[in-house]
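Read through the structure below, which is laid out as structure tokens, and then see the notes.
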Amino acid sequence: MKNSERLTKAWYGVLVLLMALGGWAIIERIRVGLVATNLTSETTWGAWVAFYIFFVGLSVGTFLLSTMFYVFKIEHYEKIGRDALLVSIISMVVALCFILLDLGRMERFWHTFRYWNFTSMLAWEVRFYVIYIGLLIAELYLSMRQDLIRVAKGTGWQAALARFLTFGSTDLSEESKKRDHKWLKILGSIGIPIAIFGVLGGEGMLFAGVKARPFWNSGLLPVILVVSALVASIALLLVFYVIRTKLMGREVDKEMVKSLAGLLAFFLLIEAGMEFFEFFVGAYGLQDTELATIETIFQGPFSWLFWGIQIFLGVVVPLFIFFNPRLKESVNAITLAAILVVIGILGVRFNIVVPPLIVPVLQGLPWGYYYPSPVEWLSSLGIVAFGLFLYTVAIKALPIDTVEELREGK
Amino acid sequence: MSADKKWAMVIDLQKCIGCDACTVACKAENRTPPGVTYNIVITEERGTFPSVTRVHVPRPCMQCDRPPCVQVCPVKATYKMENGITAIDYDRCIGCRYCIISCPYGARYFDFGLDYSQEMVGCNEVQAPEYGVDRGKREKGKSPIGNVRKCTFCYHRLLRGEEPACVEVCPGDARYFGDLNDPESVVSKLAASPRAFVLKEEMGTKPRVIYLK
Ligand code: SF4
Ligand code: SF4
């Protein structure tokens, strides 16, 4: 126990340090404006937008997984269903932090609610986010309600919080449990289309709808976004589950990890296939801008991001691990593969956002160039650390694991 | 000025000598900061040696009639005015830069808040009264800093009955400005010429800047 306490302290220490650095960077960004970034009028979206779509994807992916677990009653995975909802909410918070930071005039963010341009994907997105976040919170609450009541009976600040959250209700009857489950199902069924078509599909349309950038202007892009979001989410949930269980000194459910790894490999293969056709169809059209964009990805100054991270670390190595008869039996190897997959998808997000903004829209206009500035790096690290901090606090404060398991752990 | 005017510009590429006077006049007139150039001249080399020619293509905002920038703006900060000009409401724009991304002509620029104070005394004392709004001094934290900017067809000059600065200055007389609603206007006649074309027609943007081959 001593050891784990020291670990917890170190973990919080690292997070606080990163958040402090990020805080400095954010203050700097607010003080001087977007000159603190390396963005230009050519490459006008960069790291923040890439992180933003990464986390929106993560949110939708984890949400879809958790609802699938609930709606289809996949008991096998229910252990991580609640965890998935929590990750989903926090990802959304993180994503919104990123996009807020990216606005040239942050103080006017409320304009997006006040004025509504019906033809703008971005305007729709903002509204879907609100509905979606409300739905997520309702779902998490309902899935926890029974356990909250149980926790409320105890002592300590967690119990006090639980008492507050349950509004004094102590209804633990079978009936109320059924009611909760019914509502979970209803919310889940409303939530799935909203998440797929509204939140993440809209996110894809944000890019796919831009005909000025032929690389984006493809019907497959929103689908790739959804599938790769699922990939990243399965991987991240797997990683969180393994690390958390190990840290708490509990036994890892190896069968579940292995079957998650199978699911992960399956979606990863689908995603790789889609990417292949996305590039193939794009290149086959021989359109100048499209070719120049693909060339930028394959051979530009950041081609290592594509070949090294997106393809080698993000696809080749994990697939090797998942299909190697020895490695696929090892929880550690699977966890490593999952971490690599998440990093790979981050590469995918950067390569979706940046390269099409490097190639000029008209021949003769200047080419863009972009590499995140220190302020962008530090603020991004800080926001991600903030998300992890929220996650760590939340799993301490709320009954994210089912109560029986908590008892076992103690 | 009556509301039924529909402004348009015609640029004769045979007459353009690529001197960039329009670019300079525009910067002076609109007092645009570093990195913001409403108008530029793109020079292309065509053909292979020895039969090579250079073509200069001035590029302002096309004031599209079906503008993707207006389509994507989440807050309607970018909109079409009755007179055909695509305008930006600096007091509404949130600086998301979605419009920059979606403009097929690269005509939009973000105002990062830079200025020429290193090169020029008092450069921030006055701003051009773009869209007819006098904003006084250029100051940190005040619009249009943090907003997206682009060519306005010199709307503030039109209000005074003057032509856009680039049209007035052009030494080759390559630019024509006028009302497309008036079939007798020079621009209407030139726009009907067989030499007339628009940039990236396949984008379906319906530009109000028309070129002559
Ligand atoms: S040229 Fe670009 S900025 Fe100008 S109206 Fe067309 S799309 Fe909008
Ligand atoms: S930057 Fe301003 S004008 Fe452009 S889309 Fe965003 S809010 Fe609209």
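Cβ atoms here come from the backbone N, Cα and C positions, even for glycine.
All TrEMBL annotations are machine predictions without curation.
What TrEMBL records for A:7-27, A:47-72, A:84-101, A:121-142, A:186-208, A:220-243, A:263-284, A:304-323, A:335-358, A:378-398 is transmembrane segment.
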Chain residues outside the transmembrane segment (A:220-243) and at least six past its termini with a C-beta under 8 angstroms from it: 53-54, 56-58, 60-62, 64-65, 79-80, 83-84, 87, 196, 200-201, 203-205, 207-208, 252, 256-257, 260-261, 263-264, 267-268, 270-271, 274-275, 277-278, 281, 331, 334-335, 338-339, 341-342, 345, 348, 352
Which of A:47-72, A:121-142, A:186-208, A:263-284 contacts the transmembrane segment (A:378-398) most, counting Cβ pairs under 8 Å: A:47-72
Long-range neighbours of the transmembrane segment (A:121-142), counting only residues six or more past its ends (CB under 8 A): 59, 63, 66-67, 82, 85-86, 88-89, 92, 96, 112-113, 165, 180, 183-184, 187-188, 190-191, 194-195, 198-199, 202-203, 205-206, 209
Range from A:7-27, A:84-101, A:186-208, A:263-284 with most C-beta pairs under 8 A to the transmembrane segment (A:47-72): A:84-101
